[in-house]
Amino acid sequence: MAELLASLPAWAAVLLLFFATVSGSTGPRSRENRGASRIPSQFSEEERVAIKEALKGAIQIPTVSFSHEESNTTALAEFGEYIRKAFPTVFHSSLVQHEVVAKYSHLFTIQGSDPSLQPYMLMAHIDVVPAPEEGWEVPPFSGLERNGFIYGRGALDNKNSVMAILHALELLLIRNYSPKRSFFIALGHDEEVSGEKGAQKISALLQARGVQLAFLVDEGSFILEGFIPNLEKPVAMISVTEKGALDLMLQVNMTPGHSSAPPKETSIGILSAAVSRLEQTPMPNMFGGGPLKKTMKLLANEFSFPINIVLRNLWLFHPIVSRIMERNPITNALVRTTTALTMFNAGIKVNVIPPLAQATINCRIHPSQTVHEVLELVKNTVADDRVQLHVLRSFEPLPISPSDDQAMGYQLLQETIRSVFPEVDIVVPGICIANTDTRHYANITNGMYRFNPLPLNPQDFSGVHGINEKVSVQNYQNQVKFIFEFIQNADTYKEPVPHLHEL
């Protein structure tokens, strides 16, 4: 048993270091939905060079979102002009309607020939987080290519998806492709600071037009390589849900005074005690209440003894595994709502008892809980009427999108993954513990999938929102190929025969 416990922590601690965790089924490989007439995803050398050069140019435009109130609007406007020049066929095709939404976001409507087919949507975001130059091997907005990699902020988050989607469409249109199924491309400009000015406005526009999507695909999970010890195979993970959020301000007001005659408790002391209680009293462990437990059982066959035995018998080892998951910050976030103190403000002068103390708490809500439940738990833990709670922002965890053999979006992603990446045998759904723009579209589809068709290893992952963000030229070209194939697969998709219980 000691050896078994020693093996598990290392495995569990890195189960998902990229903001997602797995759940679901691996399913058999199937290509029966493919049509006989397809445009092969074979690009000329000139086209392959153009693919990488277009991404380099996109990275060079610093479309930074600094805060909800501040973004580089000059760069956002420049980016709009850039994509017009980079993809002339897209912008001049009679099949494509382009609209600028909320000044800097973009909505493309690609008209299909069969109006009976429900449309879908491909998503990405134009904005990036700030990138101070310190520590970078190259300037963060240079888009330089070194040793087969393109460097720069947005190379993985999320200029790569913006450009890959548009480039795939450009290449299809150049080859006179006419889609059967209509689809949309939505490019938000403020995802890094909530998406309320971009994606939310696009969603409202589509809702006003009565659009209902079969599914959407946004950023999220990757094809993981080297993240899970003892598992040599790459694992493609498609996030089918994501955590909710609750931002709270805790505030204590007291009568100010001179520090020479202090009261028994100050506003700082009262608030500090409340915050300490929150840190020392974590939210309930929800392991078993979400898809993670099911996934571990599924992945059991991929591991050797003793891990496979544990994962096949969670009915017995549930308490051990759930406790192990708590030991690492990443895996802890997979099994519970997290509570993080992010700001603390108090004090005006060294000899003055402060009249006001404020702290800001960020909660990321597990899919098995609600905003109301978490708020009540916070109140019960603080347990002090002198501490006022103010909700600054909140939204519920997103519903879990279907991932069975009846789920069109999931099945199309799985089929395309296995076609473009034949080395990938394992495709599973997951939970995104970060937030994306998908939540703004929950009213127009129940199929929301988050997947970046790129292999990712721990070293490359460290560049996301960090230093030396980069993408392999070959991997990026394969991302374009993936979308090129995906659009065609969506046209040839055959609705599955309903299960007997659905008839």
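Backbone N, Cα and C define each Cβ position, glycine as well.
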(request) Kindly point out which candidate in Asp114, Asp157, Asp247 is recorded by Swiss-Prot as part of the Zn(2+) 2 site with His125, Asp218. (result) Asp157
(message) If you check Swiss-Prot for N-linked glycosylation site, which of Asn176, Asn443 comes up?
(response) Asn443
(request) Write down the one residue from His440, His465 that Swiss-Prot lists together with Asp157, Glu192 as binding Zn(2+) 1. (result) His465
(request) Would you pick out, from the glycosylation sites Asn72, Asn443, the residue whose Cβ has the largest number of other Cβ atoms within 10 Å? (result) Asn72
(message) Please identify, among the recorded positions Asn72, Glu191, Glu192, His465, the one with the smallest Cα-Cα distance to His125 (Zn(2+) 2 binding site).
(response) Glu191
(request) According to DSSP, folded down to helix, strand and coil, what is Asp218 (Zn(2+) 2 binding site)? (result) strand
(request) Measuring CA to CA, name the entry from the recorded positions Asp127, Asp157, Asp218, His465 that ends up nearest Glu191 (active site, proton acceptor). (result) Asp127
(message) Same chain only, sequence gap of 6 or more: which residues have a CB within under 8 Å of the CB of Asp157 (Zn(2+) 2 binding site)?
(response) Val128, Val129, Glu219, Val464, His465, Glu469
